[in-house]
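A.B. asks: Here it is: the structure, laid out below.
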Amino acid sequence: DFLCISLVNGFAQLRYNLGDKTIVLQTRQKVHANGNTWHSLNAGRVGNEGYLDLDGTNVTQKASPGMQALDTHTDFFVGGVSSLNLVNPMAIENEPIGFTGCIREIVLNSRELKLTVTDPKGGANIGDCDGTVCGYTVCKNNGTCQVEDSGFSCSCPREWTGTTCEQSIHCSQNMCGSRALCVPQPSSFSYTCVCPLGWSGTYCHNKITFYIAKFVGNSYIKYTDPYYGKRDLQHSRLSLNFTTNHTEGLIAWMGKSEDEDNDFLAIGLANGTLKVVINLGERISVPLMHSKYFTCSDERWHFVTVIQNQTCIKVYLDEELILFEDIDPQRKYTALNYDSICYFGGFEIGRKVNVVTTGLFQKEFIGKIKDVVLFQDSKKIQLMKAEGYNVYDGNSGN
């Protein structure tokens, strides 16, 4: 399998092969090769349907029956490869040669890659394209960069300040606690503080402890499982108690959630009904819905347990077996490689649940969670000891 973007006779070309046939898309217009014109290129695939967009002009390859997954286990190369022998002959039209020119702002699966000296894994024969201390993102938030004798300076738009225009003027004199996040509120010429775990209050100065975690909608907890290396990933288990009066929300997500390759097991609510989704490596997420109960949004405590035995999934709700399904009798993938990461209530600030889960769940969880147990550990997870924001003490009035 491969996915390759190249220049061919002045045109940009996308080629990919998911294991059955090579698909080729080519832009309608040529790239300006004068050395001073920046082009914006978007390319990729959804299943086996490909798209290629150069400066807003789109070319799409309609999906046809065929394989859907890109199975690659190599490094991601930009501008060339360590050895031209690595390039599949079908990935390019002519003999492979390295790219000569400038590349910036590479975004791979919604994450920008840092094109610095230290961030990439390796490389060779790369220079600074801009030629000055003013790169394309030195000044944030549409600031203008000027080269100075001592380096550079940024001229900032009215709403922003700081050396690189990185700070909202509304947060420049903020009183938020040391690990709290300041969120500007331009409409009211003010700001709000987003508190880290263990803190609450307007400015996050009140220390709190909790055993029941209360989520308010822009909350999340990210827990790293210290025993991941010793787990039997073919036999996973997650159990917890939750209560809510909302009909939509992501309760728990076992998995990295960084890109579509990542395995996951997820629990949440959809239309007031318990929804469990699992992906063991095929990128085909298997949603398991239970429609008998519409009582999960009734502000009562509910106890849910999900057990994965290779490809067999059991779901218990309030100690009653409500789902039992073999999601892949072929046993192609049998392990839940969740990479030690578990999210509760949502994902990091700025990462929307409906985007990260590609629509499997619509919203962040609003409600309370307690008694989280991984596998068959004798102790519950100490949610207080994890990473997270905007989580409150749910002990009172529970």
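Just so it is clear, glycine is given a Cβ too, placed from its N, Cα and C backbone atoms.
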A.B. asks: Can you sort out which of CYS156, CYS171 is the disulfide partner TrEMBL gives for CYS165?
C.D. replies: CYS156
A.B. asks: Inside 10 Å of the Cβ of CYS165 (disulfide bond), count up the other Cβ atoms and send me the figure.
C.D. replies: 21
A.B. asks: What is the separation, in Å, between the Cα atoms of CYS156 (disulfide bond) and CYS102 (disulfide bond)?
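C.D. replies: Spelling it out, the Cα of CYS156 (disulfide bond) and the Cα of CYS102 (disulfide bond) are 26 Å apart.
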A.B. asks: Nearest by CA distance to CYS176 (disulfide bond): which of the disulfide-bonded residues is it, out of CYS102, CYS129, CYS165, CYS195, CYS204?
C.D. replies: CYS204
A.B. asks: Determine the mean pLDDT over the domain 'Laminin G' (1-129), rounding to the nearest whole number.
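C.D. replies: Here the predicted model's pLDDT, averaged over the domain 'Laminin G' (1-129), is 87.
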